[in-house]
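Here is the structure we will look at, set down as structure tokens.
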């Protein structure tokens, strides 16, 4: 996919199974929005094949439209409409029959908890409410595939929790969701698969569990001792002597390192420290999360 | 198309306008204004040169037509502009409505106020008819004309760039300039053309005025006989009030079709090649029909041929500019056909192929219509045109027109391919300069008798533009002494130069794309290649 001289996505091959919640991860400019807009038929790729719900969207976009919904991070609503008018407009645009329209609008408003704002003018609503209306609009025609580009970017913490629950309920209903987000830790909570996109190329993709187990580098240990009396140096020497420890870094009275061994071997390390008479304040072990894996794959430094 | 009452765009527009009550307010204001106008005219009835009823009817229809045209144009244009800049159009693009339904709905729904204003004047029209302002048929036709004119303005208002505002380099206000021009033409040009009687008699100027507006009918109604407003077409004189509504609807539907194409694939040229051929054939037939009408064609027969040639060339350039694919489109095609060269058939009709074959078709259509519409009728029914058109004149016109189209067309395509953005604009500037400068130059030359008239300098300057030869064939500018061999040489140089540059660019693109496809390993996978959709 080219924009003039710039290549936005290159040599990308991606398949999302029906009923999956696929998370697209990548920094700004990685090509996430371009990919989603191509899938939504809003952009035409320079070269390649795109199928959504089994339909070739380049050859027959109009047949694909009723099967998909799209929501972007940057969006506007018709300010002069009432909430129900807005939803009614899009229900008509999607060809929802008159006898089902009213019921579907009510259900969509209930799902996004905006029943009480049914008759409000859109210009009076907060950003979070607008986002929810936009989401409600996306659900009106009961699409098989939802393409969500940073959908939770403007939501407050409570809104994010609510949004997460909505995605989970859509997953339970068997809908396929492709979602891009910067909030990587949240993605593991509702995504069944993920893809990591960097500079227009797909670096890794697959089930969340598979990616985490394949790419996690081991446990991150943080061991804190009492400063002085050569405690830090003795702890450093001890850790250095263990084969399972790597990448030792001293931070004041604390040593951080990667543990390549099994989790069950940690009590032995703990015992060795105590037996060496090194005063131990804390020993914490943390597994790699999606953010760490993403940072490592994409070559960024962990903050 | 006729089921527009169920079009969601129309339903929503009507719902919003009526909730705010704007049609009612406008209609009340218009009715009050018309009552005031009637009172003022009645007060000054003795000083009027035409009967009071007719004066009132002409003022009312003229004023309401202009007002509704401006309202339709500006509301639709503002609506599309807001959809693009606010990015609400993205959501419209992925609904189940076709692009055609979206724009048709916009053109019908948004100017609701305009349509209601027209309907609110019906009681005044009935009263005017009762007092003999116009016949019942003419009154009805004026109303049909007002509605179709408002629809045409609304459809023209949909013509707007759909470029993503995030990527667009268009300055604020720039894209609205088209609307400004149309309003300028309506407010200043039309009255000016009407004031100069030559434009509203049976002349060249009467044709666009009669086809695009009800102004010609109003002018003749004011002077006593509305049926004298005619569009000449060979031996026929078709009443403007009859021919204008279908013509305006056709222009409106064409505008909507263009925008629907743009919405389907924003990277395509505005006009497809088959539509361009059809439009050119229709325009040339109209041109030939008007040129051959005895009252219009008061010149010698050969001059009629050259007037036709100029009209054909100017319209061809407009079509070529609207059909020429830009760099990005050409490059996409190279990708999607895996660097294969376009076949002759694809060059003829496919959107993203260069326009080489189209230039030949454009030249052919002009020749065919000139033969069938001008040369043959002049030979069969010699009227006031004098002696039939000679074969020599026909061959000369065909040869010159073909050379001009090929050389300018290839230059435009070269600029379109080489310059990533605005290539067409550069091509247009160069082409307009090459077309208009000699035209204006020739007029100044003949009118002013410049000092360097006999030095040969002017001839040399004009000779650089092949269009000068066409202009120099007109009766009133024949003092230019331009030579055939020079025309051929200049045209061939332009054509070969632009063909060579374009060919080199295309070869480089093919090499790049092939290298990339090989690197991606795509060329080895035949099944995958076959599944990739090829562009139209």
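Cβ coordinates are placed from backbone N, Cα and C, and glycine is handled just like the others.
Packing against the transmembrane segment (B:23-43) from elsewhere in the chain are residues 17, 52, 55-56, 59-60, 64, 67, 112-113, 116-117, 120-121, 124: each is 6 or more residues past its ends and has a CB under 8 Å from a CB in it. Annotated transmembrane segment per TrEMBL: B:23-43 (among others), in sequence order.
Counting only same-chain residues 6+ beyond the ends of the transmembrane segment (B:55-80), those with a CB under 8 A from a CB of the stretch are 30, 34, 37-38, 41, 48, 89, 106-107, 110-111, 113-115, 117-118, 121, 124-125, 128, 133-134, 139, 142, 145-146, 149-151, 153-158, 160, 176, 178-179, 182-183, 186-187, 213-215, 218, 221-222. Taken from TrEMBL, the feature transmembrane segment covers B:55-80 (among others).
Non-local neighbours of the transmembrane segment (B:113-133) in the same chain are 17, 22-23, 26-27, 30-31, 34, 38, 51-54, 56-58, 60-61, 64, 67-69, 71-72, 75, 139, 142-143, 146-147, 150, 154; each lies 6+ residues outside the stretch with a CB under 8 Å from one of its CB atoms. Here TrEMBL flags B:113-133 (among others) as transmembrane segment.
Summarising the annotation, TrEMBL assigns transmembrane segment to B:140-159 (among others).
For B:179-197 (among others), the entry in TrEMBL reads transmembrane segment.
Residues or ranges marked as transmembrane segment by TrEMBL: B:204-222 (among others). Outside the transmembrane segment (B:204-222) by six or more residues, the chain places 50, 54-55, 57-58, 61-62, 65, 134, 138, 141-142, 145-146, 149, 152, 186, 190, 193-194, 198, 228-232, 240-241, 243-244, 247-248, 251, 286, 290, 296 with a CB less than 8 A from a CB of the stretch.
Taken from TrEMBL, the feature transmembrane segment covers B:234-254 (among others).
Residues 204, 207, 231-234, 236, 254, 257, 304, 307-308, 311-312, 315-316, 319-320, 322-323, 358, 361-362, 365-366, 369-370, 372-374, 377-378, 385 of the same chain, all 6+ positions outside the transmembrane segment (B:275-292), place their C-beta atoms under 8 angstroms from a C-beta of that stretch. The transmembrane segment annotation in TrEMBL covers B:275-292 (among others).
Away from its own ends, the transmembrane segment (B:304-323) comes close to residues 269-273, 276, 279-280, 283-284, 287-288, 291-292, 297, 355, 358-359, 362, 366, 369-370, 373-375, 378, 385, 389, 393-394, 397, 400-401, 404-405, 408-409, 412, 424, 427-428, 431, 435, 467, 470-471, 473-474 of its chain (Cβ-Cβ under 8 Å, at least six residues beyond either end). According to TrEMBL, the feature transmembrane segment maps to B:304-323 (among others).
Remote same-chain residues near the transmembrane segment (B:357-381) are listed as 234-235, 273, 276-277, 280-281, 284-285, 287-289, 291-292, 301, 304-305, 308-309, 312-313, 316, 319-320, 323, 344, 347-348, 388-389, 394, 397-398, 401-402, 405-406, 409-410 (criterion: CB distance under 8 Å, separation of at least six residues from the stretch ends). Taken from TrEMBL, the feature transmembrane segment applies to B:357-381 (among others).
Under the heading transmembrane segment, TrEMBL lists B:393-412 (among others). Tertiary neighbourhood of the transmembrane segment (B:393-412): same-chain residues 302, 305-306, 309, 312-313, 316-317, 320-321, 324, 355-356, 358-360, 362-363, 366-367, 370-371, 375, 424, 427-428, 430-431, 434-435, 466-467, 469-470, 473, 487-488, 490-492, 494-495, 498-499, 502, selected by CB-CB distance under 8 Å and a gap of 6+ residues from either end.
The feature transmembrane segment is assigned by TrEMBL to B:424-445 (among others).
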